[in-house]
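Asks: Sharing a structure here in structure tokens format.
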Amino acid sequence: MDLLKPLTVERKGVKIKGYWDSQADITCVPKDLLQGEEPVRQQNVTTIHGTQEGDVYYVNLKIDGRRINTEVIGTTLDYAIITPGDVPWILKKPLELTIKLDLEEQQGTLLNNSILSKKGKEELKQLFEKYSALWQSWENQVGHRRIRPHKIATGTVKPTPQKQYHINPKAKPDIQIVINDLLKQGVLIQKESTMNTPVYPVPKPNGRWRMVLDYRAVNKVTPLIAVQNQHSYGILGSLFKGRYKTTIDLSNGFWAHPIVPEDYWITAFTWQGKQYCWTVLPQGFLNSPGLFTGDVVDLLQGIPNVEVYVDDVYISHDSEKEHLEYLDILFNRLKEAGYIISLKKSNIANSIVDFLGFQITNEGRGLTDTFKEKLENITAPTTLKQLQSILGLLNFARNFIPDFTELIAPLYALIPKSTKNYVPWQIEHSTTLETLITKLNGAEYLQGRKGDKTLIMKVNASYTTGYIRYYNEGEKKPISYVSIVFSKTELKFTELEKLLTTVHKGLLKALDLSMGQNIHVYSPIVSMQNIQKTPQTAKKALASRWLSWLSYLEDPRIRFFYDPQMPALKDLPAVDTGKDNKKHPSNFQHIFYTDGSAITSPTKEGHLNAGMGIVYFINKDGNLQKQQEWSISLGNHTAQFAEIAAFEFALKKCLPLGGNILVVTDSNYVAKAYNEELDVWASNGFVNNRKKPLKHISKWKSVADLKRLRPDVVVTHEPGHQKLDSSPHAYGNNLADQLATQASFKVHMTKNPKLDIEQIKAIQACQNNERLPVGYPKQYTYELQNNKCMVLRKDGWREIPPSRERYKLIKEAHNISHAGREAVLLKIQENYWWPKMKKDISSFLSTCNVCKMVNPLNLKPISPQAIVHPTKPFDKFYMDYIGPLPPSEGYVHVLVVVDAATGFTWLYPTKAQTSKATIKVLNHLTGLAIPKVLHSDQGSAFTSEEFAQWAKERNIQLEFSTPYHPQSSGKVERKNSEIKKLLTKLLVGRPLKWYNLISSVQLALNNTHVVSTKYTPHQLMFGIDCNLPFANKDTLDWTREEELALLQEIRESLQHPVQPPTCSGWSPYVGQLVQERVYRPSQLRPKWRKPTKVLEILNPRTVIIVDHLGQRKSVSIDNLKPTAHQHNGTRTCDDPEGMDGMECSQTTTETSVDSS
């Protein structure tokens, strides 16, 4: 019956009667009480007379003496209708949620832990009883802040709805409890929305789950408000540390702030098939912390010694009475505002409290016991996420250790080497972690910044690190420690420049800490004024750095002092990170020592002669026994190449070995690259910062593959040329050095020519007019010149290489552009000749798996009708676009321009297929020559009015091909096909970064022999050969590996157009090698799988093969092509990889040096 009693509603001194209405959605008051008020919005209002739009006002009312702020609408009635939400005290039914909290136990714990006197504890107990409605009594209980609702959907672009993540089944019961409790309190409502945000459950330390929503999509389109939280470091530095300290946690503070109903939609999320919206500020929303903190700060203004950081409140006083009085004021304001307090997370009237993750005492701030427990529970990480979590935890306490940065550097160096589920954690990393934990557990308290005192900054530097300490003037305890590890550039600085670098970085932070006070800098520099007289020859840093350093001398806020108590730079001890690079050979079963050497050739050319030496030891019962040694000559290469080659050789020998293995090299570059840089190089595609291929790229790729096969091999660096008693590795290192030096002299020690028997017979038969061996034509002359077998043919003298070296020559010529048989033959015939060259080349081409995967069906095509071509260069250009390709460096198209007479090709990557891009490219190209005719298809890039005007100004005739008839532009269309094949084979097994390969593709296209003319496009265009490296005539080995490194990767055969793969002009047979078509291959990926044998023939059109997954599969021959270069269905060699017969017959011998 109490609900039927009228209520007293007061507005601006006018009192009227009001009645509680359980069905009212909004409070209604007479319009006379709203005179002079401006409406905040409009809303549809439903009454017995229908639905109509009305103005909504936000006003202050008193209902039964209680002041409230609420939204109302005006009516013609002379009394007020009040919604239940505005008078929650009318319904005396207590709040009931899922999990009840024990307030008596929490209050008792706070009373027992406080340092209050007996009287003070009684007063605190009375405060607990007085503000009983202020304490959180249920888990997920929410306050109700009566303020104007926030407008949060302030962006101009609607966010994109997001899909829901997979939910851990263990989290669903806890999340459901939270949603049910919030629905009871009106914090959530069930409502459909065009937006959706995924729910992301996060585990709590107690084993339960917290409901978190991923509002990144909403935050991306929401403007950031200007009011933001103060940085926690600034708050910690300005805390008043009285005897009595209290920290208060405002429970679910964001959920106490209402938002306007028209913004509910942007907060929506889906749970168990139903969509819910927040009626309050959601957690995770961009502007929630700023809006909430700003309200709490305004609410607590006037209370001394109070600091607020989001939902954490700190208050401290020296007097017990004063502290309790201000707690009473603080509790009253929070209760009247509608907040609730979590006593479980609060600490009242104590001498030591935890605030913002630190322990606050009268001495200063320190690390909490909870943080130290987390340190003790750290274990070696096995995933990248665990490593990052450990680094984040340690980095929180970085200001408590003077040399923190240099100690943690080895752990940060693991990040680029780690993968999602692998971290290369070693013993030295565990030692580093233990050192950090020990120092953090023993770290002293740091003092807070006192704004009435001058800031003292003390700096010093070692060879690798700069050290900084901040103090309040006259105090002994530091405010903070900072350490700076010098970069690679800064390590080259002089001692003075390293100190100035440390001063510069320290002052950047000191200006924030100074609080308007002066800064005094103490350093080992005797006179800062004298550094202006530093001569240019004594400077290693750039002039811009010196300018910024000297600018501090003019700043009136900063004064510099010499501190004679600081140790001189040269006397600082070396940094000990606990890392021992020495690996004793007795701890390993197999030990390899590698070295490389190079000497200058005594010949007129002055080439380098390189050699490598490798020694292999076995550990038997603690005694090292030399097992084998190698001394191998490498020809015209650098010493660095020899070091890498020797290292690669040792890794290959490690593959079949069992047990732990140690490889020792005297090259710091090789050891550091293998241990620290190789994984980063592999992830970047073996290019440097300028996107250029690394030196010796082919060797490093091989080493990376070997490391993946044997990641357990330990590699260490040992300086060379040491005395035998100075290191356990000295003997093996010196022996490897002797073998490498010996190998570098081998080229000139060998005097007898290494000829085959048939070559010797041919020379002798020619001299004695006897019968020549089979395959050697009698019309030619055969002689021995410079230890080489030479033949005089119609086109001049040619070398006949030994049979064991012919495979290398064919492989080298083919790998330049993976050309076909005729093109390879022409390339080799420039310098060499031997019997049955075509047969040997065909045998080799049949072994190239990459060509088999990309080349079309190799059947003889029908000859097309001859096309009349121009006879002079630059008369006519064909042009067309390739693309869109996968994005690379922002480019998605390639403009191909082909000279009609010579076939010379220009490739220009573009970001768009437009006339502007075309004109830009042709302006560059016409700087060489202006063509008479430009032939293209009828694409918009070539038919626009702008392009036609450009051509008219240069007197260029435009010629277009017939629509839907690409044969009209056959020359450029064929080039397009060749370019795509080149890029496809080049990118096999590599990321689709084709932009940096365009220049190499163009070089390969223009320097591949055309069978019809027997010349390359470059020769036809310019009349001379391109400066393209081919073979080392002295050692039959590559002489310019860096230039060939990328060309060697181009895997494409520039064949003539052939019939489509669906051509049925072949019949399968059992045992035949065939290749299956790839279903819908992506751009720049192979179109055919690797060769496999035909197992059974079901009918003339269907066969059974073993597919790439190892399963038997029936396939139509329309989806197959016969593998090229087969003879009666068998390979030329039994090697499963299809190795050439010459290679199979060749026996590889290793030079074993007698240990005596």
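The backbone N, Cα and C atoms fix where each Cβ goes, and this holds for glycine too.
According to Swiss-Prot:
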ACT_SITE  Asp21  active site, for protease activity
DOMAIN    183-360  domain 'Reverse transcriptase'
BINDING   Asp249, Asp311, Asp312  Mg(2+) 1 binding site
BINDING   Asp875, Asp937  Mg(2+) 3 binding site
REGION    1121-1156  region 'Disordered'
COMPBIAS  1144-1156  compositional bias 'Polar residues'
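Could you tell me the structural context for the features on the list?
Replies: For the recorded site, Asp21 (active site, for protease activity), the DSSP three-state label reads coil.
The DSSP secondary structure for Asp311 (Mg(2+) 1 binding site) is coil.
Counting Cβ atoms from all protein chains shown, Asp875 (Mg(2+) 3 binding site) has 15 others lying within 10 Å of its own Cβ.
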Asks: Give me the sequence-ordered set of same-chain residues, not including Asp249, Asp311, Asp312, with a C-beta within 8 angstroms of the centroid of the Mg(2+) 1 site's C-beta atoms.
Replies: Thr247, Ile248, Leu250, Gly253, Tyr309, Val310, Val313, Ser342, Lys345
Asks: Can you grab the distance from Asp937 (Mg(2+) 3 binding site) over to Asp311 (Mg(2+) 1 binding site)? Cα atoms, rounded to a whole Å.
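Replies: Distance between the two Cα atoms comes out at 68 Å.
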Asks: Counting across all protein chains shown, how many other Cβ atoms sit within 10 Å of the Cβ of Asp311 (Mg(2+) 1 binding site)?
Replies: 20
Asks: Compile a sequence-ordered list of residues in the same chain as Asp312 (Mg(2+) 1 binding site), six or more apart from it, whose Cβ lies below 8 A from its Cβ; state 'none' when nothing qualifies.
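Replies: Asp312 (Mg(2+) 1 binding site) has long-range Cβ partners Thr247, Ile248, Asp249, Leu250, Phe355, Leu356.
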Asks: Have a look around Asp937 (Mg(2+) 3 binding site) and count the other CB atoms within 10 A of its CB, chains all included.
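Replies: Cβ-Cβ neighbours of Asp937 (Mg(2+) 3 binding site) within 10 Å number 22.
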Asks: For the domain 'Reverse transcriptase' (183-360), what's the model's average pLDDT?
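Replies: Within the domain 'Reverse transcriptase' (183-360), the model's average pLDDT equals 89.
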Asks: How many neighbouring Cβ atoms, not counting its own, are there within 10 Å of the Cβ of Asp21 (active site, for protease activity)?
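Replies: Other Cβ atoms within 10 Å of Asp21 (active site, for protease activity): 15.
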Asks: Near Asp249 (Mg(2+) 1 binding site), how many other Cβ atoms are within 10 Å of its Cβ?
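Replies: Within a 10 Å radius of the Cβ of Asp249 (Mg(2+) 1 binding site) lie 16 other Cβ atoms.
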